[in-house]
Amino acid sequence: MASDPEQPTLSSLGKVGKSSGEIGGVEEPLLNGGTHTSENYSIASAIFPFLFPALGGLLYGYDIGSTSCATISIKSATSSGISWYNLNSVDIGLITSGSLYGALIGSVLAFNIADFLGRRRELILAAFLYLVGALVTALAPAFAVMVIGRFVFGIGIGLAMHAAPMYIAETAPSHIRGQLISLKEFFIVLGMVAGYGIGSLLVDTVAGWRYMYVASTPLAVIMGIGMWWLPASPRWLLLRAIQGKGSMQELRETAICCLRRLRGEAIGDTAPVKVDEILDELAVVGEEKEVKLIEVFRGKCLKALTIGAGLVLFQQITGQPSVLYYAASILQSAGFSLASDATRVSILLGLFKLIMTGIAVLVVDRLGRRPLLLGGVSGMVISLFLLGSYYIFLDDVPVVAVAALLLYVGCYQLSFGPIGWLMISEIFPLRLRGRGLGIAVLVNFGANAIVTFAFSPLKEWLGAGILFYVFGAIAVLSLVFIFFIVPETKGLTLEEIEAKCL
């Protein structure tokens, strides 16, 4: 393209009209006492600003699924295709968790560079790291090189999981913001199912693990090119404008062009008015102030951090890895012969998770965030106590375990799965959204690493039944946290969330 999408021209704007699904909003009060203009947009113009960032989630999910099969392939003397196949448990652990530790580093990097780079450039960098990490892993001539590749890929995960929800939240129309960010969770699960499926097809192929990892590279290229083509987040541009990090007039004009590309022709002549409304609301809530690190832990910023970090912490410590760990044995005990194949179990549960996440996507902007969280986590509590009882009292009634397993997976995908990522993307004030979401993502991956590491020792020490009771008690605490701390953000603009909920 002749011009950088960061500086779009009016002639480059997409031509999308009523036939593409033009939708008009309703006027709502402004924070300064006026009223919002109608939030007009077309469905067609909203597809790509969601799709290309969401590919970052798809690649994250694919890595989870494919790695579970790759670790089987790489240990095989006959099909690994390498001389260093005799790997011990620590080596396999490094392959499995290398991307997780890379994601932790990526979260720390995102904390420091997000507001400087912007959401779009951060996603371009994530796509580049996805590509490099996958290629280094797939072509690794030695174990150490493979671990480096896994680590690089993981840094891409950390950046993508940080920037994708921000970009989608800041560019999506407020009436479908919840659906689009929840749909990103759907893409993660879709990636997992694809990873399990492709991995199961290649697991017996010579050097199949190399093909599993290289299979992700086309998507990384598409993601990078797509993000290069997309415009910058108008809200990020306006934040830089009011903080004096560029010419107010130039950044305002660029934000108007970006908003027109994001909304399509349906926005008509209202783009300048919408941009001015956002500027006015940012001024009302004090976004012109420069962020200092200590501010993240004060006032409304601390409240946002408590809500966001609390949700993703409970998302990880309410037992999801443990429940999935027992999925194969639970289904086997109920007489499902296919359950002897862990990969098939993963695919079956992945498909079920896809269905439940799809339901959450359809209803999140109608029912709201709190009802899904409260209802879903309540179901998780019941299922965890049923699982605990099965392993202590009811081991001769496997139908209880199967019902509890499906109840847990379904309720998780209706609540913590999509809503956790949705809330952290919209709850932070704009000027500290990059840093706040960076901390939340760091908490997410850090808690994931701790739970993964601690699960086996805790299982041996407490036993499966008591461990599920502990997770059930933690889930009860998360219910209390959601009921008293987490606000409802359905239908509010990001600026209204900051003004009314924090």
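First residue shown is number 1, and so on along the chain.
Note that Cβ sites are derived from N, Cα and C of the backbone, with glycine treated the same way.
Source: prediction; values computed, not measured.
Sequence annotations record features per position, and here TrEMBL assigns compositional bias 'Low complexity' to 10-21.
Here TrEMBL flags 49-490 as domain 'Major facilitator superfamily (MFS) profile'. Per-residue pLDDT, averaged across the domain 'Major facilitator superfamily (MFS) profile' (49-490), gives 88.
Here TrEMBL flags 1-21 as region 'Disordered'.
Look at TrEMBL and you will find 92-111 (among others) tagged as transmembrane segment. Listed by sequence, the residues of this chain that lie at least six past the ends of the transmembrane segment (92-111) yet keep a Cβ under 8 A from its Cβ atoms are 63, 67-68, 70-71, 74-75, 122, 126, 129, 133, 146-147, 150-159, 161-163, 434-435, 437-439, 441-442, 444-446, 448-449, 452.
Residues or ranges marked as transmembrane segment by TrEMBL: 123-145 (among others).
Under 8 Å from some Cβ of the transmembrane segment (151-169) lie the Cβ atoms of residues 49-50, 53-54, 56-57, 59-60, 63, 98-110, 114, 119-120, 122-123, 125-130, 132-134, 136-137, 177, 180-181, 184, 233, 421-422, 424-426, 433-434, 437-438, 441, 444-445, 494, all in the same chain and six or more residues away from its ends. Here TrEMBL flags 151-169 (among others) as transmembrane segment.
TrEMBL lists 181-199 (among others) with the feature transmembrane segment. With a cut-off of 8 Å between Cβ atoms, the residues of this chain six or more beyond the transmembrane segment (181-199) that come close are 50, 53-55, 57-70, 73, 164-165, 168-169, 172, 212, 215, 343, 346-347, 350-351, 353-354, 357-358, 360-361, 364, 413, 417-419, 421-422, 425-426.
Residues or ranges marked as transmembrane segment by TrEMBL: 211-230 (among others).
The transmembrane segment annotation in TrEMBL covers 345-364 (among others).
Summarising the annotation, TrEMBL assigns transmembrane segment to 371-393 (among others).
Beyond its flanks by at least six residues, the transmembrane segment (399-424) meets 165, 178, 181-182, 184-186, 189, 307-309, 311-312, 314-315, 318-320, 323-324, 326-327, 330-331, 333-334, 349, 352-353, 356-357, 359-361, 364, 369, 372-373, 375-380, 382-384, 386-387, 389-390, 437, 440-441, 444, 486, 489 of its own chain at Cβ-Cβ distances under 8 Å. Under the heading transmembrane segment, TrEMBL lists 399-424 (among others).
Marked as transmembrane segment by TrEMBL: 436-455 (among others). Non-local neighbours of the transmembrane segment (436-455) in the same chain are 97, 100-101, 103-104, 107-108, 110-112, 114, 158, 161-162, 165-166, 296, 301, 304-305, 308-309, 312-313, 315-317, 321-322, 325, 420, 424-425, 428-429; each lies 6+ residues outside the stretch with a CB under 8 Å from one of its CB atoms.
Taken from TrEMBL, the feature transmembrane segment covers 461-486 (among others).
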- Message: Counting only residues 6 or more past its boundaries, what in the same chain has a CB within less than 8 Å of a CB in the transmembrane segment (123-145)?
- Response: 52-53, 55-56, 59, 84, 87, 91, 99, 102, 106, 117, 151-157, 159-160, 163-164, 167, 210-211, 213-214, 216-217, 219-221, 223-224, 227-228
- Taking the transmembrane segment (461-486) as reference, the highest number of CB pairs under 8 angstroms among 211-230, 345-364, 371-393 goes to 371-393
